[in-house]
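Heads up: the structure comes next, in structure tokens.
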Protein chains: 4
Amino acid sequence: MKILVSNDDGYLAPGIIALVEALRPIAEVVVVAPDSNRSGSSNSLTLDRPLSVYRADNGFYFVNGTPSDCVHVALTGGLAFRPDLVVSGINQGQNMGDDTLYSGTVAAATEGFLFGIPAIAFSQAEKGWAHIDAAACVARDIVVRGFDMLQKPYLLNINIPNLPYEQIKGIRAARLGKRHESEPVIKALDPHGREIFWIGPAGKAKDAGEGTDFRTVSDGFVSVTPLQIDLTHSQQLGVLQKALP
Amino acid sequence: MKILVSNDDGYLAPGIIALVEALRPIAEVVVVAPDSNRSGSSNSLTLDRPLSVYRADNGFYFVNGTPSDCVHVALTGGLAFRPDLVVSGINQGQNMGDDTLYSGTVAAATEGFLFGIPAIAFSQAEKGWAHIDAAACVARDIVVRGFDMLQKPYLLNINIPNLPYEQIKGIRAARLGKRHESEPVIKALDPHGREIFWIGPAGKAKDAGEGTDFRTVSDGFVSVTPLQIDLTHSQQLGVLQKALP
Amino acid sequence: MKILVSNDDGYLAPGIIALVEALRPIAEVVVVAPDSNRSGSSNSLTLDRPLSVYRADNGFYFVNGTPSDCVHVALTGGLAFRPDLVVSGINQGQNMGDDTLYSGTVAAATEGFLFGIPAIAFSQAEKGWAHIDAAACVARDIVVRGFDMLQKPYLLNINIPNLPYEQIKGIRAARLGKRHESEPVIKALDPHGREIFWIGPAGKAKDAGEGTDFRTVSDGFVSVTPLQIDLTHSQQLGVLQKALP
Amino acid sequence: MKILVSNDDGYLAPGIIALVEALRPIAEVVVVAPDSNRSGSSNSLTLDRPLSVYRADNGFYFVNGTPSDCVHVALTGGLAFRPDLVVSGINQGQNMGDDTLYSGTVAAATEGFLFGIPAIAFSQAEKGWAHIDAAACVARDIVVRGFDMLQKPYLLNINIPNLPYEQIKGIRAARLGKRHESEPVIKALDPHGREIFWIGPAGKAKDAGEGTDFRTVSDGFVSVTPLQIDLTHSQQLGVLQKALP
């Protein structure tokens, strides 16, 4: 199996290093990841300047661009192989509910999916890298298992609780929950007395009910959410078609 | 009516200037837009540095950040009013099919929607600003019309053909089409002989059939696509739930 | 006379607009300036990506780069004319003493000088643009006067007090003063509790004695300092030559 | 002895790693360097956003800023020690003649000097890191030797030929040479057919005569140039004083 690995925390992040170590025994792995932390970059692509690809001492390739840039360049720019799977992460911190819209981790996987390749995004629920090796083992387990019951290409968003491997209760399918509105921006003054604004944290879970990724992970399970990318609101489309004859 | 206007082409772009001129007679308009062109920025948020808000001579506010940053700061940072509507655009070039994932124009509207406010993203089908004033008239018509038949908040993605106002055939509901894979990256050499990579253009339309935004606009109509943002793939979720008991 | 104008506050800054208005009656003026505020950019050049040149509605060209980039591109990239003079500014805030090392305003002029063209950097002593039109009149007076007594190309650093035109006492030659060490960085916490650092203000004047730019301006005169760019410390070189036979 | 080390090639560059390994046996070394390549950054300071300081696994600190930012933050932001010496490099490629104006390597040393600390900038004459370990040995030799004959603080710009250690002929004091004008910008087209511009290479040596850094290094010696930072052109100042009474 050939796996392309990327992330949004940058090629030096503990999450991608642990992931690659876990995958190397079972697959041919190529890493193409951002040169620095690009958290929150969503599906952004760099259109106004060219990208450069560099090779680190450990063989990882890194790019002065976004997660989507990395996968895009890797898949269309002449990697010697076409991967069987694109894997992204392991992200520092959860990507649940509406987070998936903003996440660079999910975006890297989405880019693979858009090129017709099955793709999986992995995130740890809590920041700080606690039990990252356990999360990497979980990721390997999931990659090995395969998802032959799903249509290919599939796109999976997976969140892993920060627990020791043996305390993780299992793997469960889950839908995306919903969050409340984000917290307000945090205002501060720069040293010249001018107002500056920091984007505040994501909102608290609003729908964290049974079957959501929020509930699944807080119950100690790994959540697996199959994603699709057609944003058409089918129900409202019907309403609108009647109104706009 | 109070309208917050943003875009991804930057606060100086002809598209946002025409849009604001068209909306001013019918609403109280506040502009908060990026300081420069941020095309392709998707829903990215700036998390690693604070944002600054500036006021231009024409009263537009501009921000050293992404479209999502602009709307986020506007809605949570203390605009004196809460808008009834968030409007984004008019973008230079279409946002149809999978483009919606990458578009900063759509992202600005999405950010409003996530804060519970109806939101509309406007794009012109072709680049170059031909008939931008006609497109602005169309945008005003659509804002005036309202969409009372839709659940609030709604999120609409609208593409306008570059035609004189009187040649536009009407407004139609449409689903997002699909594109083929993007074109490959374009390789070049920098002056030092190092390989560089430009992200290539979006793929050609793959599903441009009856009822898609592609077809609707090429037929000379304005396409209106209601969007939703829950990426859960419900059908595959059911399959997965059976497989992961 | 043909004049190339640049600055480091960006092509939209009041200082460059006032300067160009003052110079237009006496010269053919072309503006090539940064797209945004690049204060503190010193002589930095952009080497890792290409630059783009855009044309604003008012005819100004702007570049997604540093002041030095702007002048460099203008002089080697095919302006239809070779300017007789490069003028930079009018900067918001003084560039005296050691400031000249960090100043993008001075750097833009220096770039012209390095290409063999006489160059003048203009700065207002205080921030806030008070009496900017008076400063622009002073700039025009100085450009008109010429400096035929100086070897060509010359490089002049000029600081103008923020006074009404008729209250400016005259123009005087001055040497660069010296500053005390910069103020310490200003520590703050970002919203995640991580320490961040803002570069603090420049130090107070240490040598502001008779004949310095500091004294000249505080006495109500315009200071004119001829600059050179050979950083060799001749006196210490002699000492070192004896010690390293 | 306590030494602060920085550079402009980024904290991962082979030049700074070799330098630190060579200095560790003889001094307490703290590294504060840019997070990525900042070649050509001159004395630029980051004034419009705060800086963050990170610690890499090898103990190096890195900053999302320029070389001058790094030294500035290190010296005013609370390093536990005040260094006896600031060392910058080893740069990939020469910094001779007018290069010193643009060099981030020289700028990092200059920043230390401005805070009253002796400072040395090291560069290898050719790019590619050939004989970088020999260059690091040279750097250590020079640091050990001290420069007690010079006034403190001194600021030294040192260029090292890419030769095996035993083939380096010695160390010589040298003045900065001069270069011809830079090569023109290199024009290209981006994939959308828009013209883009790359800054071209530095000009060829114009004054590479006896006693210059160019000549000294091409003769196989290490060149040592003491620098000063007062840009006042004393001779022209006298002329100007007579002309502006």
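Using the three backbone atoms N, Cα and C, a Cβ is placed for every residue, glycine included.
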**Report entry** Recorded divalent metal cation site member, picked from B:Asn58, B:Asn64, B:Asn91, that accompanies B:Asp8, B:Asp9, B:Ser39 in TrEMBL
**Finding:** B:Asn91
Query raised in the report: Within 10 Å of the Cβ of B:Asp9 (divalent metal cation binding site), how many other Cβ atoms are there?
Result: 24
Report summary line: According to DSSP, B:Ser39 (divalent metal cation binding site) sits in coil
Query raised in the report: From the centroid of the CB atoms of B:Asp8, B:Asp9, B:Ser39, B:Asn91, the recorded divalent metal cation site, which same-chain residues not already listed sit within 8 A by their CB, in sequence order?
Result: B:Asn7, B:Gly10, B:Ala13, B:Gly15, B:Asn37, B:Arg38, B:Pro67, B:Gly89, B:Gln92, B:Gly93, B:Ser103, B:Gly104, B:Thr105
Report task. Name, in order along the sequence, the binding-site residues among B:Asp8, B:Asp9, B:Asn91 with a Cβ closer than 8 Å to any chain A Cβ. Result -> none
Report task. Taking the Cβ of B:Ser39 (divalent metal cation binding site) as the centre, count every other Cβ atom within 10 Å, in any protein chain shown. Result -> 22
